[in-house]
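Visitor: Below is one structure. I have some questions about it.
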Amino acid sequence: MSLFSGFVSGFTLQNLPVTSFEESYTQLFGDKNLFVHKDGKTVRLTLDERTGSGFVSNDLYLHGLFSASIKLPSDYSAGVVVAFYMSNGDMYEKNHDEIDFEFLGNIRGKEWRIQTNIYGNGSTHLGREERSNLWFDPTEDYHQYSILWSDSHIIFFVDNVPIREVKRTASMGGHFPSKPMSLYTTIWDGSKWATNGGKYGVNYKYAPYVAQLTDLVLHGCAVDPIEQFPKCDEGADEDIRAAQEISPSQRVKMGVFRRKHMTYSYCYDRNRYKVALPECVVIPAEAQRLRVHDPVTFGGIPRRHRYGKHRSRRSRVVGTESI
């Protein structure tokens, strides 16, 4: 039985419009390590000794609902990172925005973990990471991971369960993402940091590492490249407003998830921040619970520059292959 069985959800993400790869995305890197199935809507990303792989949306968006059903690589996966995220690093190298879902592999017998993070206006020196375990095995089947981004809220969902809510506050200033962004999905070698602070790296004996994605959703306000204003998909404004209003039952679900599965939050990391960042609401019981987990190590070099995550659109290779 699911941890969340018995709850009745509010707004549901299951009926959002799905787009085909060809009409909405472009290969970012990886050559033949990116494959598109014959249905045009299912994508396979591979990491091997030669390269990882990834793709990016054709359009920039200012707010929306962004989603994919993802099945992660199985077996030994230490050092492997699968990222589903939004960024405008191509356009704003020194003051970019970013909203991250990162899936962090592990040694055999240990589950994958998820990390969420946001940056606004180039605030990469301030990590707002949270890490959590999942209540299911993400390698056995597809599960839906979604990002809601509005002018006032960022909410991360797993299978329609909100796992993290970031509200825009005056204290955050320009650190709340506010410029148009593209949607990216990548698989890459994060050996230097992803598993126990780099203690365990990618072992290519177990390669290739394969992530599969389907039900890709870009339901938002695309920015017109000429007129430079956002033009929303049909019904997107209404759906964005509905999704950011977390129902009482969904808020209960989020509380259950965070109590049982969250293992790290920047708001309680006194090694990094002697004083919690101003938007943090410090809950003593939560602080006490998180102290039992191993500390998380973050490197000084911004990870987005380590593997060409934001290489120029001019250098992207366009191409897919049916299987």
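Every residue, even glycine, has its Cβ placed from backbone N, Cα and C.
According to TrEMBL, the protein carries these features:
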{"type": "ACT_SITE", "residues": "E98", "note": "active site, nucleophile"}
{"type": "ACT_SITE", "residues": "E102", "note": "active site, proton donor"}
{"type": "COMPBIAS", "residues": "303-316", "note": "compositional bias 'Basic residues'"}
{"type": "DOMAIN", "residues": "11-213", "note": "domain 'GH16'"}
{"type": "REGION", "residues": "303-323", "note": "region 'Disordered'"}
Visitor: Return the single residue from the active-site residues list (E98, E102) that has the minimum number of other CB atoms within 10 Å.
Guide: E102
Visitor: What average pLDDT does the predicted model assign to the domain 'GH16' (11-213)?
Guide: 94
